[in-house]
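Enquirer: Handing you this structure, nothing more for now.
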């Protein structure tokens, strides 16, 4: 009996752990929600909305990188592409905000299906290059196509009545609409990671050959996660267009693809909350360091170098290691 | 040999890489219920052969059939569904999943799709009991909650067996299961292979003739991409061509 308790104790501790981790995660989500509900009353709402949009974008991107093991270097195509569609729909067709976001999201899904089904045939750096190539095509299309407004972009995008009923033109009112979308999106990603699908995804990330030998048709799973990631990146972009009332080339430019990689890496790619932290940090830097002009990029680079040297697993990854809990 | 006796058969199997004949006209019949070993010195084409049989490579010529069904052009993931599962030389576990989750991933495939990203992974708890039994079978009960990446080499191998067995394959293909192992681990894994061979067929690739001596019913010796000799251990180990092939690599 004593023997059993001795060998049983550590096992018990381990079987108890998986019960507590979801509770911890839900607690963090609750704290984040409370923070973001209160934040617009003491922080600038547009800044917060930018953080939220990028947090969703980074989480969607990280679903692909951190959990699918696929490094896309063309996610700007979905983010920026959806922002054009949503802006155009709101401005030219008078779409209500929720429909404009939905249409942008749908367009990103279709684009994701097209690009994804071709890109997943290649692996590693070649996959990244193929996604980059497609994103460049989307960029030049956006530059040339008449409806995107070329260098000017689509400006003065209206915030129409929500559901055709509610006036949410004011920043603080619009903020809660954005919060609902982005928070919902991040929760959905959390669920995806912890679904049967997410479990197979992790297996493929960990060992693709072995997953094949167990009978999984890995390319189908890769395509599915690619499309989901692209779709949610589109949601973020479509929402951002309504926040800034602008869709521009910045959002389809390759530097945007790079920025989201940076956000995910900085926060920690094998974590749930890392991309949110990374997005908040980068957006805050861009905002508060704006006075430094072109030096922002240099500062960003310096912080990235420091992060890579000191926190190989990202900020949240390192915190998770200290706490001995997956975050 | 009648067709029902043969579970896996290769006829005239050939693989050519840019100007290099890795495997040349190999004929192989694996008898149902046997432990069949494929051995040969370095560069004999064992691994290529193995990858051809498991569909990780496509043969340049020849045909392969499993249970009388032609699988020559099938995808690697599809043969697993037919009941033919392979292992890997570098023990293939999912390092960041727990031991239990590793086995569960294999069981989970029975659900079919698994594209249901909106559902909680709690639906997988239905497989926990069976997964635990598989973990127990290979003596890893105490490590069930441990991350697979943190296991010792021998235990990773054991976990890989548990994962493979969870699919209840009719035919198990083991790629150098003893590679890089200490003597005591070799004995443990040998015993494990023997135990799991009940009601199953096993085809294993090995470098070393001696480790498969007690284990296998039939041994096929490969050299330079071709079958050099075939038979039981006695026959093969006394074959002068086999002795010659191994001289120089220190196994004379």
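Just so you know, glycine gets a Cβ as well, placed from its N, Cα and C.
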Enquirer: Which range, A:1-22, A:23-44, does TrEMBL list as transmembrane segment?
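Expert: That would be A:23-44, the stretch labelled transmembrane segment in TrEMBL.
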Enquirer: Quick test of your reading of TrEMBL: among A:173-193, A:194-214, where does it put transmembrane segment?
Expert: A:173-193
Enquirer: Compare A:23-44, A:51-79, A:99-118, A:260-285, A:292-311 by their Cβ pairs under 8 Å to the transmembrane segment (A:223-248) and return the stretch that comes out on top.
Expert: A:51-79
Enquirer: Any chance the transmembrane segment (A:260-285) and the transmembrane segment (A:125-143) are in contact, meaning at least three CB pairs closer than 8 A with a sequence separation of 6+?
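Expert: These two segments do not touch.
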Enquirer: Could you tell me what the rest of the chain brings near the transmembrane segment (A:292-311), counting residues at least six beyond its ends with Cβ under 8 Å?
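Expert: The answer is 262, 265-266, 268, 281-282, 285-286, 317-318.
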Enquirer: With Cβ distances under 8 Å as the criterion, find the stretch in A:23-44, A:99-118, A:125-143 that has the most pairs with the transmembrane segment (A:173-193).
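Expert: The stretch with the most close Cβ contacts to the transmembrane segment (A:173-193) is A:23-44.
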